[in-house]
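Residues or ranges marked as Mn(2+) binding site by TrEMBL: His51, His96, Asp181, His185. The domain 'Manganese/iron superoxide dismutase N-terminal' annotation in TrEMBL covers 26-103. Here TrEMBL flags 116-214 as domain 'Manganese/iron superoxide dismutase C-terminal'.
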Amino acid sequence: MLPIVRPIVRALTRPATRAFAGMRLEHTLPPLPYAYDALEPYISKEIMTLHHDGHHQAYVTGLNAAESSYAATDDIRERIRLQSALKFNGGGHINHSLFWPGLCPASSSSAKLAPGPLKEAIEREFGSLEALQKEMNAKTAALQGSGWGWLGVNTSTKKLEIVTTANQDPLLTHVPIIGIDIWEHAFYLDYKNVKAKYLAAIWNVINFEEAAKRHEAAI
């Protein structure tokens, strides 16, 4: 499993295990690795504040509540009922914990795809970064409803592939390298209902240095 993902997954699963011993540890909202206005003009401070402090915090709160309820009951029917809340809120927590460090200010050197294994893999699988962006934006925009667009490493072939997940489902079939949140709360205040403009803009603040580290660990 990818090193950067492993501690996130452990953080999500460990409390549920310890809950049965009366030692449940609550999940917490990770801080942004940059200022709320650092991604402007591509993503506004207002969006970042609402998205991080509001929506991500809600997933953390919902996950803690679902785990607490799960640990408090021995009723199988009730535990089955709680699975959807665990999946939704747990997935939201995982996805956003990957999303924030996957972005960076456009002026940062990290926002440029540097020569190396990731650049070579992108050019080998897609022809160019521009071709990847075009294909990933098209597939992400075509996702009906809310969800995520991902560039991930196929764990069997070690090749880069574009996949989407619905709602807050985490990416389990591939190792996530780049993730794009296509929920309306990620862009509506800035781009209204024009997903294409948001998808074009977000590439200016993709943290390719972080993506390269994830790719290197995955292969």
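The backbone N, Cα and C atoms fix where each Cβ goes, and this holds for glycine too.
Annotations in TrEMBL come from automatic prediction, not curation.
Taking the features listed in TrEMBL, we show where each one sits on the structure.
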| residue | record | Cβ neighbours (10 Å) |
| --- | --- | --- |
| His51 | Mn(2+) binding site | 23 |
| His96 | Mn(2+) binding site | 25 |
| Asp181 | Mn(2+) binding site | 24 |
| His185 | Mn(2+) binding site | 14 |
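In sequence order, His52, His55, His56, Phe99, Trp183, Ala186 are the residues of the same chain, not among His51, His96, Asp181, His185, whose CB sits within 8 A of the CB centroid for the Mn(2+) site.
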